[in-house]
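What follows is a single structure, written as structure tokens, with notes after it.
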């Protein structure tokens, strides 16, 4: 008995110890990092290129440059897109995160609400050259309105309509559709003999969200009300989701097989002349890696309901892109800021965005002639005049999952031959809304 | 540590188990001697506490807290919610409870089918492999391949094969055999349940095969010889000798397969990604979704605790009945 008690008390001591250390990670609630280890930084980069190895090859020479300049060694880890959010959350819980990291810009407000990221106040911004260096649209998705941004824009992107010139020529079509009505009419001409007009990634939750968010804007819906509460079942939201899924269910211009796509299969269909159009952001490098030369495809703005894209209701893209954030409990605050300054410098912006096919969110870097290619011009104009940021609310990331899943389910039912009605869309969206956390 | 004590502790340990030693007079080295086995066990015990018990305790604590993204960073500070998380999880009038119930029944059906098929296939193959024939070793190695492959690589290959337009399964079923009118979906819609079952059985049966084969080697040959003399055919031998002799092996095997299958996360996650189709929404994926998709970790923890209680109950009942049965047969 006595021995048992000794073992038990030992066990309790150990578990208390472990709990204490576990809590230790999260207990430094306030403040903003320290400079305990000024010579090293860890950096989680999101996977931007065709694969992780390619990213390492692109980034490592730049990190070397930074080391030569400042004497700070940057340990790089490229994190696949599908793991990134979970990894960030785990790091937040344990307090064992990297010093600097990339985040999807749509998650800014969600991650901001955890309190794990360094707020970019005037003082921090001044250390990287000031807020004015960045494009307004890109700054729009760095956190909730009214509070200091949680991140700094790093790469900007927007959506465009990419079309396969050969397939258009074969079908005798001269120009890409500018409105959705034209899209359906053109699409019906293209969708035959095992070929299809438009590609979709029905199994990719984020992609679903991007598409229905833009359509929602065109129908005057926001998915969140003014107080930041979910509003998924408004007439506009239902109409937007139905319109998107109907491209497969009713108009039959998206192949049913696309309902299970989630690994960019629609881009390979495009490169293999099986799908004539895709709505995508910065697809040039992927097309190249699939063996397409630059003159085999063209770019046009994403269609709108009627008229032409521009201000107001004719939003035709979300503000897509990557932000750079600093973990609040970094052990090298000065170095982290220095590194963000380096990555957002004019020179690095030109170089990295050119390689990745994205647009620099830094105004001065946009002047480089490399960004005058017709494709990038469309993307840049879209970003400047007709793109809108996803709702900057704390539950944005949950919205991506539940509404993205709703669209995925609707695509699955459409692919199986099921009918998609206003009621079925509304029911699916209501179910999604009930899964959102109560606030 | 006194070095002279070492020979003291080593030698008389042999007598430790005899009743006389326990009742005998206290001797100087005794305390250290009896403590030694426990000392040796201590590292394992500590690790067990750290790796298994502690997370369970933390999980239970979390299930009573309002653990959302706002408290992720310092979860000790999250407010207590009492039983609210549990009420939320099992309120079958809301989508959350309704889908949990549906996921639970799907998992039960899936587990029964998967374990049953794994056991059947494993037994059949093990019995078949008892005969010596040419190529037996090769075949046995081949049977174990699914068990030896890394789960991720194997399941992602299945995911490719199940693709509607480019997958091997539809190529065979539709293009070559003409069994279906149009290519079917396997990774979305109702078929996804069967796709998941096929992968699960493929992955699980070699383990059953391995265990049953080991069990078969322990059955004395004489039993079969005697049976054959009495005129028992192959089928009768299997029913009257093989299966009863494998009883205790099967009891453990079925329990282990049940627990693994019920909790399996890797297979559905690799096959379907973050959000599984409704027909194949196993409980483990469901809990993951509830925690990580809506960042409601308190509710996710509550669901995990309920799952743990359910599995403990099933295991307890199962062990109670099977061990009672075993005592009866042993007697």
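Yeah, the Cβs are placed from backbone N, Cα and C, and that goes for glycine too.
Feature annotations, courtesy of TrEMBL:
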- B:36-64: transmembrane segment (TRANSMEM)
- B:109-129: transmembrane segment (TRANSMEM)
- B:141-161: transmembrane segment (TRANSMEM)
- B:193-216: transmembrane segment (TRANSMEM)
- B:245-262: transmembrane segment (TRANSMEM)
- B:297-321: transmembrane segment (TRANSMEM)
Touch test for the transmembrane segment (B:245-262) and the transmembrane segment (B:141-161), at least 3 Cβ pairs under 8 Å: no
Stretch with greatest number of CB pairs under 8 Å, the transmembrane segment (B:141-161) reference, B:36-64, B:109-129, B:193-216, B:297-321 candidates: B:193-216
Stretch-level contact, the transmembrane segment (B:36-64) and the transmembrane segment (B:297-321), CB cutoff 8 A, at least 3 pairs: yes
